[in-house]
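All remarks here apply to the structure that follows.
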């Protein structure tokens, strides 16, 4: 299928797309079943399906035009879903922040499409790396900006914090297999382009690494379960971005799939607690996991997987990603530090949920909400199998990167030990350092507001004033001038013209009456008049010669 | 000398039809005289056929006094065609009239005189033609034997008598000072004659022709006759005699003088068109309105006459305009005959009541204004061209101003056609179904012919 005549492209499924489609389908099914248990209306399901469909188009598109379409519809649907409870001004505002932030970053993709037309004479994603010298760098820059924006990497991370105002199923979907995953997917997809430019791959690698580290710290500082999970999403996506930049495509994709399972599981559990207990504050959730065995067990599996505890999934996929970073000790160090932080914040969540006390008895959870948790928990636990050497080789062949090497055994062991030690330490001391600077997400929203939003509004106000006073003023002035001239014409010219016309009419009427005077009806008068006229005519004839 | 009677075949046809009609009228029962109308129509059709054949022949002079040239051809065809239309218009109203045959014969004889008027190139024949054209028309004007008709006939006759006598005086004077009556002789003879005597003689001669043309100062009869005479006769006397009169005026001016009678006729033309237009302003009687309209049209028609000998455009302008005028004027009068009403208010809603009649009237009235693509438009264009070509821009300006002014009263008649009738239409007094149908057909034919002539003439001009 070609969308634009003369511009080859369309929808196609290859290994990477297939993996993402299966992931999307699985998570979507889980989320829909869960949401059915919560009793959402038709609008929610319609928007969710549209959201997932847009993601499906995005991951199967082979050219930039279709990709952009899916990308844009996904952004719009994220706005509609985050602001699902439209009667709450705060949520609608959050939806706006999320939408505008990702939208601003999307400009990069539009620019990249334009540069691709100009430089590569093709919109196909696999042709981008072959673009000419200045164009290739420009395309790469545009793609990187929009992908970082979509996947909430630094410096765009704050929108994900605001996105937490949406319903929990939306968060589960948005944080796992759609939206943020789309950014990571795009970077994985265009890795040849990033590698071809040189600088872009390095930039992406470090952006992912720094995000994983810093947002790990942010997650550690959170006192709200959903905020903690959101920041952890940023950090985990950071690993995928790191993998995409460093060339660990198999690892990055495995990380994406495993993280989708883990994070959707955790958000659905958080959703259960939010629904049943009415809170998502960590201190208020004390002992929540003990009050319902299935939910608690699922949450425990998910949190341990998030922590990277062997043999659960993220332990091995993270190491697969870091296998791409072995060439740079600094990068490896940052990655390992981020791993430690992820173990720490996962342990913080675990501690909050499983700490004895808090009171309250067991509660009942509808089957529809319980059911999806079990397969997701199994997946979160078992996807670590992707790291087993025979499975890993098949995985890489599926993705078309058979030459990638896996992590060394020492690294797997090291990260596993680090994770276990960290979790154990946190459990033992029951006190976690909470960096105060990270609580408000590094004030990145305030910074963006101060640096972008306020200047934009100020400029808009200035332009509006310019429009009102100068442009509109000129138009009004012209209208006033025209009115004045018209009034002048009406009073001075029109009056005289009108008078002139009336005078002509009066004169004609008078002359007409005069012209009928000779027609007396009396023949002797006719004779006399005819004689006089003929005499005059004789005079005329004589004078004229 | 050419004395071949075949050169006068169209005229002889009309004469034969008139005589045959007269004879037939003597033997037919009083109430069954319609065959006379058929005989007269047949004579006119035959005359038209002969005239058409003659028009393709060479120019010649018959009996030393009768020119057969383009002027005569147009005069013949226009007069015979117009007379045919008038006979058709009159056939309904005079049906079963005790003097039906006389009516048709008088019309034919008057038409015969009119053709002679336009074709003669000798003053004596001109006088004879004048009398032949006028005297039957006086009788026709009073044909209804009612008070307005009688008054009209008397005024018509008295004006005609005075101006005819003046014309005879003018002929005497001119033949005296010009030593002859043939135009070719006068052309040389008048050049040497005393100018004052020539001027007096020419004005006296023109008096009679202007009376026939309905131009100042011989126009006094026009409104009275148009209003008082039977409508078909009004259509006749305001249309047919004018054709011959303008042809005679043009021929006299062009053939007896090297540069025409420019100043005299230009003054008459300006006075006539202005007076006719101004006097038409306040008229509420459509026949009086049409009468003054014919006076103003006579003024326009005098413009090419005034340009005789000064520009080659003068003759085509006059001939085209006179034919266009005849068609348009007959169409308008045919509508009056069909509608059977004389008051302007009676025409409200005519377009709805009778679309063909209303449309014909609109075409004719806009034609009088000179709206393309009607015939008068082409005639007026040629007339303006002749005026400008003949170095009389002032006359063109006067004609243009008059044309603009004339829009007013023609539209006064057009506008009510689109209104809703204020009262349910009353059956028109004195109009039978046959009369209405025939008159509507004549009006539609005249309107169509006006459009055809206008489009064809416009195409020819372009």
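Cβ atoms are placed via backbone N, Cα and C, with glycine included.
Feature annotations, courtesy of TrEMBL:
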- B:12-29: transmembrane segment (TRANSMEM)
- B:36-57: transmembrane segment (TRANSMEM)
- B:77-94: transmembrane segment (TRANSMEM)
- B:106-133: transmembrane segment (TRANSMEM)
- B:120-404: domain 'NADH:quinone oxidoreductase/Mrp antiporter transmembrane' (DOMAIN)
- B:153-177: transmembrane segment (TRANSMEM)
- B:189-211: transmembrane segment (TRANSMEM)
- B:262-283: transmembrane segment (TRANSMEM)
- B:289-306: transmembrane segment (TRANSMEM)
- B:318-339: transmembrane segment (TRANSMEM)
- B:359-381: transmembrane segment (TRANSMEM)
- B:393-411: transmembrane segment (TRANSMEM)
- B:431-461: transmembrane segment (TRANSMEM)
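In summary, the transmembrane segment (B:12-29) lies against the transmembrane segment (B:106-133): three or more C-beta pairs, each 6 or more positions apart in sequence, are under 8 Å. It is B:262-283 that, among the stretches B:36-57, B:262-283, B:318-339, forms the most Cβ pairs under 8 Å with the transmembrane segment (B:189-211). Outside the transmembrane segment (B:359-381) by six or more residues, the chain places 293, 297, 300, 317, 320-325, 327-329, 331-332, 334-335, 347, 350-351, 399, 403, 406-407, 410-411, 413-414, 417, 440, 443-444, 446-447, 449-451, 453-455, 457-458, 461 with a CB less than 8 A from a CB of the stretch. Remote same-chain partners of the transmembrane segment (B:289-306), defined as residues 6 or more beyond its termini with a Cβ less than 8 Å from a stretch Cβ, comprise 213-216, 219, 222-223, 225-227, 234, 238-239, 242, 246, 249-250, 253, 260-262, 264-266, 268-277, 279-280, 283, 313-315, 317-318, 321-322, 325, 329, 332-333, 336, 344, 368, 380, 382-383, 386-387, 390, 392, 395-396, 399, 402, 406, 409-410, 412-413. Beyond the ends of the transmembrane segment (B:262-283), by six or more residues, the same chain brings 202-203, 206, 210, 215-216, 219, 223, 249, 253, 289, 292-300, 302-303, 305-307, 309-310, 344, 390, 392, 395, 398-399, 402, 405-406, 408-409 to within a C-beta distance below 8 angstroms of the stretch. Looking at B:36-57, B:153-177, B:393-411, B:431-461, the range that has the most CB pairs within less than 8 A of the transmembrane segment (B:318-339) turns out to be B:431-461.
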